[in-house]
Amino acid sequence: MKIYCIFREVPPPAEPLSVNITAEPSTKTSQYPNMNRRSPQSSSKHQGIRSQKSNDNRRIQRLKASVTTLKMKLKERVDLKDVFSKNVTFRRLIEAQVERHKHRNRAYTDFEKTSSLSLYYSCGPTGYQTLMKMGLHLPNRSTLGRWTKQLPMFPGLNHRLLSCIQKIMEKFNDEDLDCLITWDEVGMKEFIEYNKFYDMFEGIIDFGEHGRTLEPANEALVFMIRGINSSWRFPISFYFSKGATPSEMLEKIVVDNIKAVQNIGLRVRLGVCDMSFTNQGLYRAWSITPSNPSKIFNDQQVYFIHDTPHLIKLVRNNLINHTFLVREKKKSKKVKWSHIRTFFEKDRRVSSRMAPRLSKSHIYLKDYSKMKVKLAAQVFSNSVYAGIATMCRLRILKKDFKDTADFLKKIDEIFDFLNMSSLRNDKFGRCAAFFYQKIGKLDDYFEFFESVSIPSMSREPEFLRGLKLTLRGIKHLAIDLYKEGYRHIYTRNLQQDCLENFFSLARSKGGHCRNPTARCFRTNFRFLFFATLIHSPTSGNTENCSEGSFQKYVENMQSFMASENRDSYEQKRKVIARPTDDIVEDNKVGLQSAAEFYSVNVVRKLKFGKEQESEVALYMGAACIKAITNMSSCETCEKMLVQRTEQITPEMGKYSLVDFKQYDRFSNGLAYLSKSESDLFQFVNSTFTKTTCQALNSGGTKVLSGVLDRFEKQLLVIGWLKEDCPDHRRQILQHFIRAKMYQLVKDKNDAIRQLRSWSQTRRDLRNQ
């Protein structure tokens, strides 16, 4: 075995490093300068890297924290569909607000229109303005005004209005379907207006399906329905009349409204009205008496009574003027208003009064005070009875005053029985829970009024017949309802309070207007109907009501605003609504009555009246041409006008009014008409009255369209329209006719105002 050894040359050892450890650092240069010191460029570079690294670390920490927060929010996220799963309408409203925030200039959708109108009708103008200030992107009230013009609301029955009520009542219980219908009239201002949107006259007699008459209206007849034992109520129709509605026409209107309500699934059980002479004539025509207080409509029996508050006022008013005689078995009692007045004068002299609510307004009544039910109810009260009875016992008053006190107590008991509004009440007589236990008292009250008479009257007073009819009607109705499962009746619902409240709300719209015009009343009726539609409960279950009532209301608004329905309604009114039923075209009597309606002869009675009308017609014609040319910038139409700088010939007509209308003599200013235009406008002005009367007497509500169609058949107008630019010429003629419409309506209103002032002056002279 051989062993080989390999040797490699080893380099010599290096010299040892001489490092002075104990020596203090000095400023002398080291042997290796690059190992102990960096350059300025390298130091700043490393410092920037460290700073950037620390910033990146902090950013990473922030992003991690953001990711953690977003993960937690994602876990807690709630979808709108989950939150508003039961109320889809409100979810759509929120989504629409989000889209409106992104795109503010886009057009409003149909849902935004209907939801905005729903908020406006439910919250009112003030509440709607508050929602806009809170940040909701809602249309302005002027925009809503343009949309509401698309909601047709005219005198007469509106079947789409009834269909809205029918949809709201789908959740009604069977007991909630029993209702009453009530009607009453309210005063209105005699004021005629021309509505260019609907092209019709407003403020004239209008009975809807039964025709229109060319006479100014001053009364509005309103019909309303409400539940027997429910709180829902809806106005359903209105009509305009001059004075009280005639009994013959009232009979047709009442029958139409009762049958229309029955057709939507409601059961009309009762009819309530006041004791006006037209309502009494209606009851006489139907043979409505205390022994027979009902009439059958569509195989349903409907009872008829009079309004209890009105009856209380009539008792008080008759007691002021007459002495009542109450017959009893042994003697007859006399009831006098002077007894109540004497008690008041004695009671007011002491500080601690027995009847503190009595005042001069209760005893010394003025004209308007006679209409307040509160003043009558506080006189026929238990407090006044107790005060008079106490003074009689103390011999402060005579014994015969006790007869008047007993009469007051009896009227108070009857009013309490007919004014039950709750199941429990501190006053036993007003507890509806014991209605059927006390129903026998209705016979006692009937016998009491049988014993009442007025010696100064030769026949039975009207208010006594009304009271007996009301007592019998409520008794028979209560018996029928008891057989169907009723165990109580709120007799306060069997009154006209809902209708009186409606009238007060109609007057309060647009300021406190106690005498609204026909147009204002129509718009107020539309507002109050939709406000009532959304506020009225759909059933006794309020939870179900709150879930879908607003959604159902929005759907009703969408169907009500449908354009095809609106067009069919306008077409229907054009066929069936006539100015008069007895006037035929070209009938002299008809033309005379229409001319009297317009009062167009007021100016012509003056001296030089025709010349004045001619001057005004030329000025109006030039203004109409100028208005159309400014909108269209048509050079052809501008040739119809002649400027001041051009030659004016006498054949063009007299332009005195235009000359004096010039406020700047150094500019062209007002223009004159050429020969053909001057002849045209003078012809239209001279024949306008006759043509308008013929158009209205032929039927229809489209006034401007009918007048324009008749003028287009005239030879002079036909030749003028065949010239250049016929479309603009037709617009000019339409513009001129519309201006004449406004002028004639103004003349009629001036004549009405003058007649009213003459009547007031004659009344003042008679009083003096």
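Cβ coordinates come from backbone N, Cα and C, glycine included.
Whatever TrEMBL says is automated annotation, not expert-curated.
Fair warning: this is a prediction, and the values are worked out from it, not measured in the lab.
Under the heading compositional bias 'Polar residues', TrEMBL lists 19-52.
In the predicted model, the domain 'Transposable element P transposase-like RNase H' (155-284) has a mean pLDDT of 91. Summarising the annotation, TrEMBL assigns domain 'Transposable element P transposase-like RNase H' to 155-284.
Under DSSP, the residues of the domain 'Transposable element P transposase-like GTP-binding insertion' (310-427) split into helix, strand and coil as follows: 67 helix, 9 strand, 42 coil. According to TrEMBL, the domain 'Transposable element P transposase-like GTP-binding insertion' annotation covers 310-427.
Among the features that TrEMBL reports, domain 'Transposable element P transposase-like RNase H C-terminal' is placed at 496-524.
If you look up TrEMBL, you'll see 16-60 marked as region 'Disordered'.
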Determine which residues of the chain contact the domain 'Transposable element P transposase-like RNase H C-terminal' (496-524) at the Cβ level, with the cut-off under 8 Å and only residues 6 or more beyond its ends counted.
148, 153-155, 182-184, 186-189, 191, 193, 195, 202-204, 217, 220, 222, 224, 226, 233, 235, 238, 240, 272-274, 307, 309-310
